[in-house]
Each structure stands twice: as C-alpha cells, then as structure tokens.
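The following features are taken from TrEMBL:
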type     : residues                                               : note
BINDING  : Ala11, Gly12, Leu13, Gly14, Thr15, Val16, Gly17, Gly18 : NADP(+) binding site
BINDING  : Lys106                                                 : NADPH binding site
BINDING  : Glu191                                                 : L-homoserine binding site
ACT_SITE : Lys206                                                 : active site, proton donor
DOMAIN   : 350-425                                                : domain 'ACT'
Amino acid sequence: MSKTEWRVGVAGLGTVGGGLLNFLSDRAGFAPAGGKAVVTGVSARSRSRPRPFDISNLPWFDDPVELAKSPDIDIFVELIGGSDGPAKAAVEAALNVGKPVVTANKALIAEHGAELAALAESKGVPLLFEAAVMGGTPAVKMLREAMVGDDVKSVAGILNGTCNYILSEMDSSGRSFADVLSEAQRLGYAEADPTMDVGGFDAAHKISILAALAFGCAPNYAAAEIEGIDQVALLDIQLAKDLGYKIKLIASANRSDEGVLVRVHPTLVAQSHPLAQAGGALNALFIEGTRIGRIFIQGPGAGSGPTAAAVAADIADVMTAANRPVFQAPATSLTPFTPVDPARNLSRAYLRFLVKDEPGVIAAVSETLAEAGVSIESFLQKPVENAEGVPIVLTTHAVAESVLTAAIDRIANLSVVLERPRLLRIARI
Ligand code: HSE
C-alpha cells in the first residue's frame with residue numbers, strides 16, 4: 001500500500017534548509033508518488049537564532065543524530081555540511097537504522113562516499129546527493145542515470161560560483177582579486193572565511209564526486225590536484241584577454257588507460273567556448289561521452305531556491321522508490337581509483353615572465369624553452385607603464401607538465417628574470 005505521508009527530518013537550517021522548509025510549506029502537497037512530504041522534525045546549532053522562516057511549530061531536536069534515528073521520520077535530510085563531525089555521525093545513524101538519506105554535503109560524499117555507499121546499500125536504502133554538485137543544476141542524476149549507457153571520457157566545468165563571480169568581476173571591472181573578494185564578502189556573496197571556495201577545495205569535492213559517477217570508480221578527493229584562484233593576477237586576466245582567452249577556475253576529470261586524473265586550477269578558456277561565456281556566479285559543465293558525444297549544461301550552482309529544488313528532487317526519488325546504486329555501480333563493484341601522475345599530463349600552457357627590458361632577453365627565454373623541448377605557439381610582449389620590468393607572455397604547444405616545470409625552473413634562474421614565472425594551463429575542452 002502506498003504511503004499517504006512521508007515524514008521528513010531536516011538537520012541544518014541555513015540557506016538551503018530554509019529554502020526546503022519554505023518549498024515544502026508553500027507546496028503543501030509535494031506528493032510525486034501520491035503521499036505528501038511533511039516536515040516532522042528539525043535540528044540546527046541554535047534554536048533561537050533569528051531566521052526568515054518559522055520553525056516554532058516543528059518538533060525540535062538538539063542532536064541531529066537523535067533526529068536521524070527518530071521513529072517519527074521516514075527520510076533524513078542532512079544540510080549541516082562538513083566532511084566529518086555531526087553531519088557524518090547523523091548520516092551514519094540514519095543509514096544504520098535503515099532510513100533513506102538526502103544530503104547536499106559535497107565534502108562528506110567526496111571524502112567518505114565509498115564507505116557511506118557501502119553502508120546504504122547494505123541496508124537497502126538510498127543515499128542521494130543531487131544538491132551536492134552544481135546546486136540546482138542537475139549534474140548528479142545526469143551522470144548517474146541518464147549517461148549510464150555511455151562510457152564517459154571526461155567531465156570539465158565551472159563548479160564554484162564564488163570563484164566564477166570573482167574572476168568575472170575582475171575581468172569586467174579591472175579590479176584586483178583582493179578588492180573583488182572583499183566586496184563579495186560585504187555583499188554576502190562570499191563566505192567570511194573564503195578558503196574552501198577560493199582555494200579550489202569546494203570545486204575539488206564536486207569534481208571528485210562527478211568523477212566517481214562518470215567513471216564508476218570510488219570517489220578519491222585525496223588524489224585531486226588543487227590550485228585555487230587566490231594567486232590569479234589582474235595582469236594575467238588582461239593578458240589572457242589579449243590572446244583571446246578568459247581565465248576560469250576549471251575542475252576536470254579525465255579517464256585514460258592509465259587511470260583517472262582529477263584537477264582544479266585556473267585555466268585559460270578560449271573566449272568563444274561556452275565555458276568562457278558562463279559569467280557571474282553561474283556553474284557550467286561539459287561532459288564528453290564515447291557514444292553520446294559532448295553535452296553542455298549551465299545553471300545556478302548555489303542559492304536557497306535552486307539548491308532546495310535539487311534536495312526536493314532527491315526526496316521525490318525516495319518517495320517514488322527510485323532504486324539506484326549510490327554511484328554508477330554497486331559499492332562492492334566500484335573500480336579502485338587509480339590516479340594518473342599529473343607530471344605526465346600533456347597540456348598547452350600560458351607562461352608569463354617579468355623580465356628586464358634589455359637586448360637578448362627574449363632569445364635567452366626562448367633558447368631555454370627550446371633546449372627543454374617546449375615548443376612556443378604564440379608570443380606577446382606588453383610594456384606596462386611605471387613597471388620595474390616588462391611582462392612577456394607566451395603560449396606553448398602541448399607539453400608534459402614535468403618538462404614544462406623543469407623549463408620554468410631554469411628560466412626562473414636566469415639573471416634577467418625578475419620574479420618566478422607564472423604558469424596557467426590552457427583548456428583542452
Ligand atoms: N560555495 C559554493 C559556490 C556553493 O560558491 O559555488 C555551494 O557549494
């Protein structure tokens with residue numbers, strides 16, 4: 001007999017929790033399988049904190065673990081955040097008593113996804129996390145379900161809205177990273193502690209999850225190579241523009257015969273590419289399948305309404321008894337994650353050198369590159385008024401990272417080079 005009511009417990013009442021409560025009370029009758037979803041328990045750090053939504057009539061739990069185990073809920077929704085601590089304890093508690101879990105917690109899934117998937121599947125209950133990646137834009141179900149009939153070769157995209165906002169603002173307003181970040185913090189677009197976002201860690205959590213879904217391997221956040229945007233100079237944004245590129249924080253995962261390479265770094269993307277045109281705080285993703293070919297999606301990666309919509313979609317999956325493995329395949333048959341050494345990775349590169357403006361400098365730089373086996377594709381020298389040196393910028397043909405970094409080390413030691421050369425990769429997508 002189908003249920004007439006699905007009792008939902010929500011732990012974490014921040015932006016997304018509020019959005020979910022609003023949605024479920026506005027849509028009193030969210031009932032994709034006939035029975036409707038009703039919130040029957042909430043938990044958060046503080047009960048009395050002022051909130052733009054009313055929780056006075058909802059049963060309160062001081063401890064999210066108690067809410068997770070409560071006999072008065074059928075579905076546990078975890079919106080606390082953080083890879084460990086109360087979020088993990090509560091999710092484990094819910095799964096252990098056989099309750100379906102819906103979470104928006106990318107850190108938890110990226111760092112403990114394989115063990116939690118094994119637990120959920122051993123208990124025969126779903127563990128769903130559509131909202132963990134790209135907020136309201138459906139990337140998780142697309143890879144896990146719609147693309148399971150293909151062999152995905154690569155995924156690459158803009159997975160952090162804060163970084164995209166900062167880079168887009170630097171580009172359009174000509175302001176520095178520090179200026180734009182402090183304005184974004186004042187306006188509430190960036191966190192008071194922006195490390196997870198600007199350090200690339202949030203995007204790395206998300207791409208680690210997408211890699212697992214795309215390639216049928218266990219998520220392995222520890223293997224991700226991560227560089228954030230805090231060292232992106234306005235000068236590089238402007239010089240990249242002169243060369244026909246925008247700088248974006250690109251998170252990518254590629255599968256080859258050797259294994260899987262997961263990386264996050266600031267990347268030059270051709271201005272005509274759809275990823276370069278995803279401005280502001282948008283998220284965007286390219287997926288390349290062996291048979292389906294290329295797919296591009298773009299949309300909001302955060303925000304109360306969009307992210308709560310993704311949580312609600314997962315609640316709907318529980319209510320409709322959708323039954324899928326947590327990742328692409330059952331936890332017991334996920335392939336081990338074999339990391340590829342990034343030093344072997346081939347990519348085109350953008351190099352910026354600050355050099356003394358004197359005869360023979362360009363020859364010295366290009367000779368060193370030639371000796372190291374790095375082939376130059378384009379070259380630009382752009383005097384900057386009142387600057388101590390002159391920036392020279394070049395792009396290379398595809399070259400192994402190890403060859404490139406060895407060449408950069410040698411150039412950095414030339415007496416005419418005034419500061420450590422700047423390396424940015426050029427997107428292959
Ligand atoms: N802080 C994230 C972003 C949203 O800026 O995209 C939540 O993952």
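Cβ from N, Cα, C; glycine included.
Shown on the structure are the features that TrEMBL records.
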residue : record                    : contacts (Cβ under 8 Å, 6+ apart)
Ala11   : NADP(+) binding site      : Val42, Ser43, Ala44, Phe61, Pro64, Leu67, Ala68, Phe76, Val77, Glu78, Leu79, Ile80, Pro86, Ala87, Ala90
Gly12   : NADP(+) binding site      : Ser43, Ala44, Pro64, Glu78, Leu79, Ile80, Gly81, Ala87
Leu13   : NADP(+) binding site      : Leu21, Val42, Ser43, Ala44, Arg51, Ile55, Leu79
Gly14   : NADP(+) binding site      : Ala44, Leu79, Gly81
Thr15   : NADP(+) binding site      : Gly303, Ser304, Thr307
Gly17   : NADP(+) binding site      : Val10, Val42, Ala44, Val77, Leu79
Gly18   : NADP(+) binding site      : Arg51, Pro52, Phe53, Ser304, Ala308
Lys106  : NADPH binding site        : Phe129, Ala132, Val133, Asp202, His205, Lys206, Ile209
Glu191  : L-homoserine binding site : Thr162, Gln185, Asp197
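Taking the centre of the Cβ atoms of Ala11, Gly12, Leu13, Gly14, Thr15, Val16, Gly17, Gly18 as the NADP(+) site, the nearby residues of that chain (Cβ within 8 Å, site residues left out) are Val10, Gly19, Leu20, Ala44, Leu79. The Cβ of Val16 (NADP(+) binding site) lies under 8 Å from the Cβ of Leu79, Ala104, Ala131, Ser304, Thr307, Ala308, Val311, each on the same chain and at least six residues away in sequence.
For the domain 'ACT' (350-425), the model's pLDDT averages out at 90.
Secondary structure from DSSP puts the residue listed as 'active site, proton donor' in a helix.
In the three-state DSSP reading, Leu13 (NADP(+) binding site) counts as coil.
Cβ-based neighbour count (10 Å, all protein chains) for Lys206 (active site, proton donor) stands at 28.
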